[in-house]
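Student: Below you'll find the structure I mean.
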Amino acid sequence: GCCSRPPCIANNPDIC
C-alpha cells in the first residue's frame, strides 16, 4: 500500500 512506498509516505504523512 501507500505506506510501504517511501515517496507516498512523504507525500501523505497524515495517513502514513
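Cβ coordinates are placed from backbone N, Cα and C, and glycine is handled just like the others.
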Student: Name the cysteine that pairs with C8 in a disulphide bond per Swiss-Prot, restricting the answer to C2, C3.
Tutor: C2
Student: Give the distance between the Cα atoms of C8 (disulfide bond) and C16 (disulfide bond), rounded to the nearest whole Å.
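Tutor: Counting only the Cα atoms, the answer is 8 Å.
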